[in-house]
Amino acid sequence: MKKLLNQKQIEPIIFALISLSILFPFYISSLVTALGAGILFFTHYKELKEAFLKTHWLGIFIFYSLLVGLFYQNWIGVGVGVVMFLFAMLFYFYQRYLTFELYQFNLKVFVFGSIPLALLSYYKYSRDVLKNGYDLLYIFKYHNPQTRAEATFFNPNYYGLYIAMVLIMAIYLFSQNQNRRFRWVMVLTILMNLMSLILTGSRWSIPTVIVGAVIMLFFLKPKLAWGLGFLLVGGFIALLIRPDLLPRFTTLAHGFEDRFAIWQVGWNLFLTSPIVGRGPMTYVNFYYLFADKGKMHAHQLLVDCLANYGLVGMMLLVMAFSRYFRRLFRGIFNPQIRPEMGLVVATVLTVLFHGLMDVGIFWIQTGYIFLALVTVTPTQLQHFKTKEADSL
């Protein structure tokens, strides 16, 4: 933080404050993010038009989403479209003013910040189960636990996605720092987050964490990643035999039935407007056409995007991110930044894997952390690597 404060530019400091706030409840992080974005936009108001034009296909997609939302009088979706525009502008400036110091600061804040969040999740879980006359093994004993760890996040599934990203960052930081004390702190952080993960009772977050960790290890120690993969296959077989080893896994079949029903509603909503969709947050706005109970989203990234944006919107999304993925693919083959590219690739694939069963990435806390990690370009990573080597 001292290095950030010593910089002449205010922009990295603003992003550092937003990163700090993002681990607080959403009503605090949203306020700080809005204030930070407001200051950035006010000081760079002459550049906003140019910044939006530089978003290219992403800007067209956002404008398209707003138009579709307005056409269907999807006012929540219109609001989400405005938020997407603000985030696109925010991360344009983030990428522009990202420094080595800010990059390192973000990684450490997100990882070290998970320690007090884990302690908070332990406290809230223990308080709630003991207050209601249960013991601390409550989440293992009951098929539908009403108390699950979520720390400062909106729900346990979102917290589980955050934990998955934290473990990827912790593995990366462990590999890049040879200080023994620092490494022990990383090990402690990983163990504390794994305990919190169990307490979330989030069935899909557990395989998500495994996928993220294995991919990150593959970029660092491929042989170790293969060994861990085979070990986890054995663990999966054991879980099939004894599903009561983990919370809520005895009701996994019911959980899939519930998800299939939600996906069916999402698919039916897509079929009502397959070309253009109905705008962001289609599920929560139009669920009543096919179901009695509303959800925030379709609990599946592809189905949710199809319902929201239709085939035209999906094509715009492909155009918007094709350049990014081409750049990512080229960066993978740069041996100098292999660990850093592993961090980015593991984070992207982890979020996509989590999206098979949930859409937790569309939330200010998880979304900001994700974008702070993956919008870093290979060129910037190369520069950071050189600067890190020079500082040793």
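Glycine is no exception: its Cβ is also placed from the backbone N, Cα and C atoms.
So that you can see what the record holds, here are the features copied from TrEMBL:
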| type | residues | note |
| --- | --- | --- |
| DOMAIN | 190-318 | domain 'O-antigen ligase-related' |
| TRANSMEM | 12-42 | transmembrane segment |
| TRANSMEM | 62-93 | transmembrane segment |
| TRANSMEM | 105-123 | transmembrane segment |
| TRANSMEM | 158-175 | transmembrane segment |
| TRANSMEM | 187-218 | transmembrane segment |
| TRANSMEM | 224-241 | transmembrane segment |
| TRANSMEM | 261-281 | transmembrane segment |
| TRANSMEM | 301-321 | transmembrane segment |
| TRANSMEM | 342-364 | transmembrane segment |
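Panel annotation: around the transmembrane segment (342-364), residues 22, 26, 29-30, 33, 153-154, 157-158, 160-161, 164-165, 168-169, 172, 204-205, 207-208, 211-212, 215-216, 218-220, 259, 296-302, 304, 328, 331-332, 370, 373-374, 376, 381 of the same chain, lying at least six beyond its termini, place a Cβ under 8 Å from a Cβ of the stretch. Residue counts for the domain 'O-antigen ligase-related' (190-318) under DSSP, helix first, then strand, then coil, are 100 helix, 0 strand, 29 coil. When pLDDT values are averaged over the domain 'O-antigen ligase-related' (190-318), the model yields 86.
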